[in-house]
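Enquirer: Feature list, courtesy of Swiss-Prot:
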{"type": "BINDING", "residues": "D34, T64", "note": "Mg(2+) binding site"}
{"type": "BINDING", "residues": "Y182, L183, E184, A185, G186, S187, G188, G213, G214, G235, N236", "note": "sn-glycerol 1-phosphate binding site"}
Amino acid sequence: MKIRKKKMKLKGKVKKYLMDKLNDNEKLHFSLLDPFKINSSEELKYIAKNLYNVGTDAFLIGGTLGVSKDKLDFVISLLDDYEIPKIIFPSNINLLSEKADALLFLSLLNSDDIYYVIGAQIVAAPIIKMLQMEVIPTAYVIVGHGGTAAHIGKARVIPYDNFELATAYTLAAEYLGMDFVYLEAGSGAPEPIRPEMISFIKKASSIPLIIGGGIRSVEVALKLVEAGANIIVTGNIIERDVDKAIKIIRGIKNK
């Protein structure tokens, strides 16, 4: 069990925190918590404590449907005791809160709707400035199954086996100055991003890759890490079987 001190101030320092770890060749894990799917504060506290103690590197808070500002703030407040970053993973401009340590400032690059590429970002920018939130510019690219995120975001999903297209998107994100590329197979996807896609991309680009969607076992997570994934995100498995999520985190952090 990995016990860490609490109450380290992270506001304004989240990007540095992440980059320092990546520069030390650490492989990171983010725990994605959907406020809409959390049934009670006791459940959240139990889950968060276990994820934290085995070494998850950050809490991502967000969901595609049903998340109110009050529920978002409530969840972030319950996570306040833990020294790792609380990062908002927004689906729209309603998911902004000064209580968070940072915000993934996402652009859904393969959306057919300009709103999700740059429109929402323009609307959100003055609010983010007013709230003095730290932003982490991140290209969001949906692959394969895509799930609800692809449907809502009107994404032209990249086929699982189209490595060249995924690489082109990654290079475009790098040249646009993004800090990260988040390759998303979708919540509950029947298949995760393929390791072969990650290794293909890594031959062309050094931008850090966040990989999420369909990761249900430590074996799958380790294959993604070995292929070059820098950050693994799990969410659905946390909701369904926290013990499996714990095994995934242990595997990644002991790699």
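Using the three backbone atoms N, Cα and C, a Cβ is placed for every residue, glycine included.
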Enquirer: For T64 (Mg(2+) binding site), list the number of other Cβ atoms lying within 10 Å of its Cβ atom.
Expert: 20
Enquirer: Listed sn-glycerol 1-phosphate-binding residues Y182, L183, E184, A185, G186, S187, G188, G213, G214, G235, N236 - what's their greatest C-alpha to C-alpha distance in Å?
Expert: 17
Enquirer: Using DSSP and three states only, what is N236 (sn-glycerol 1-phosphate binding site)?
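Expert: Where N236 (sn-glycerol 1-phosphate binding site) sits, the three-state DSSP reduction gives helix.
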Enquirer: Long-range same-chain neighbours of D34 (Mg(2+) binding site), Cβ under 8 Å, sequence gap at least 6?
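Expert: Long-range Cβ contacts: G62, G63, V67, G235, E239.
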Enquirer: Where does E184 (sn-glycerol 1-phosphate binding site) sit in DSSP terms: helix, strand, or coil?
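Expert: DSSP call for E184 (sn-glycerol 1-phosphate binding site): strand.
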Enquirer: Three-state secondary structure of T64 (Mg(2+) binding site) from DSSP?
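Expert: T64 (Mg(2+) binding site) sits in coil per DSSP, no helix or strand.
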Enquirer: Given the binding-site residues E184, G186, G188, G214, find the one whose Cα is closest in space to the Cα of T64 (Mg(2+) binding site).
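Expert: In terms of Cα distance, T64 (Mg(2+) binding site) lies closest to G186.
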